[in-house]
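Per TrEMBL, these features apply:
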- 4-137: domain 'EamA' (DOMAIN)
- 7-27: transmembrane segment (TRANSMEM)
- 33-52: transmembrane segment (TRANSMEM)
- 64-81: transmembrane segment (TRANSMEM)
- 93-111: transmembrane segment (TRANSMEM)
- 123-141: transmembrane segment (TRANSMEM)
- 147-166: transmembrane segment (TRANSMEM)
- 152-280: domain 'EamA' (DOMAIN)
- 173-195: transmembrane segment (TRANSMEM)
- 207-228: transmembrane segment (TRANSMEM)
- 263-281: transmembrane segment (TRANSMEM)
Amino acid sequence: MSKRGWLLFAAMSVIWGIPYLLIKVALEGMPAPFIVFARTAIGAAVLLPVAWKRGMVAPALKHWRYIAAFAALEIAGPWLLLGDAEQHMTSSLAGLLIAAVPFFVALLMWRLGDRSAVSGTRLAGLFIGMAGVVAIVGLNIGQVQVLRMLEVIAVAVGYAIAPIIADRKLVGVPTLATITLSLTGVALLYVPIAAFSHPTHMPKANALGAVVGLGLVCTAAAFLLFFALIGEVGPAKSSMITFVNPAVAVSGGVLFLGETIKAGVIVGAPLVMIGLVLSTLRRGDEAAPASSSASTPEAASTPVAPAGAVAATIASEDCGPEAAIA
């Protein structure tokens, strides 16, 4: 990997590992629906001119129904649920639960007929990873409401389904156009919701900075950098950020928010990480996430995060150098 590739990889590992931390901080000054609106509006404001200039918007609008379905499962629902859940749990716990996305992708692909998704080493990884998720949830019962953990798991399921829609129904639609229209549509959808759930007083600087960081860095800049990373090193190596994002999420919560690591995380996190590695191995030992067609900032850590987070396969439509946005 080139020096530029390593720099982009390091940047994405951090950028799609910190949304959980920033969401937690933003919640101190504004309601979850308003955060979703602000984040999507900022992201759309940055990406829409880029997509428009490249002539991507009008052709992509022909596929608006599937883009709307993608946006609902990748952004509109998950980002609201994640914000609501993080009011009652640590950001590190949320980040680890989101890391289960590849396991749900594998199960969905198996259900859709791809038997290789849960065969051999991948099957072992699936069981180990899901055991880790069960440990994280089970050992946190009593400390965190079960409903809140189920909200995050629902987010992970959404992050798993959305890329399958993109992979099967949005073939040929540039990824940048899909993301831009999704962000724009969700921002417009949340305008009336945000109007009734806006902050009752001026948020503190840290909350304002967090929501700006979510929209500008973890959404708009993240996608531009991720496309550049794919153009530099290819989708397989790009998707290896999947293995780094959960560690960044946990570290951020502990270092900056003073979160403590509970028994569920101690027991479950290693199992989730081992499961991720095993369940995403390809033949020839080439590692690439099982969710290589997923996700937003937060999903990219599944896998993209942020994330949601859009992971490598739907972005890999444009994986040649011409797709990179330097």
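From the backbone N, Cα and C atoms, a Cβ is placed for every residue, glycine too.
Relative to the transmembrane segment (207-228), the listed stretch 7-27 leads the set 7-27, 64-81, 93-111, 123-141, 173-195 in CB pairs under 8 A.
Between the transmembrane segment (64-81) and the stretches 7-27, 33-52, 123-141, 147-166, 263-281, it is 147-166 that has the most C-beta pairs under 8 angstroms. Remote same-chain partners of the transmembrane segment (123-141), defined as residues 6 or more beyond its termini with a Cβ less than 8 Å from a stretch Cβ, comprise 89, 93, 96-97, 100, 102-103, 106-107, 149, 153, 262-265, 267-281. In this chain, the transmembrane segment (7-27) lies in contact with the transmembrane segment (93-111); the count of Cβ pairs under 8 Å, excluding pairs fewer than 6 apart in sequence, is at least 3.
The stretch from 33-52, 147-166, 173-195 with the most CB pairs below 8 A to the transmembrane segment (7-27) is 33-52. Averaged over the domain 'EamA' (4-137), the predicted model reaches a pLDDT of 90. Same-chain neighbours of the transmembrane segment (173-195): 33-34, 36-38, 40-41, 43-44, 47-48, 50-51, 54, 56-57, 59-61, 63-64, 67-68, 70-71, 74-76, 79, 166, 219, 223, 227, 310, 314-315, 317-318, 325, counting only residues six or more beyond its ends whose CB sits under 8 Å from a CB of the stretch. According to DSSP, the domain 'EamA' (4-137) comprises 111 helix, 0 strand, 23 coil.
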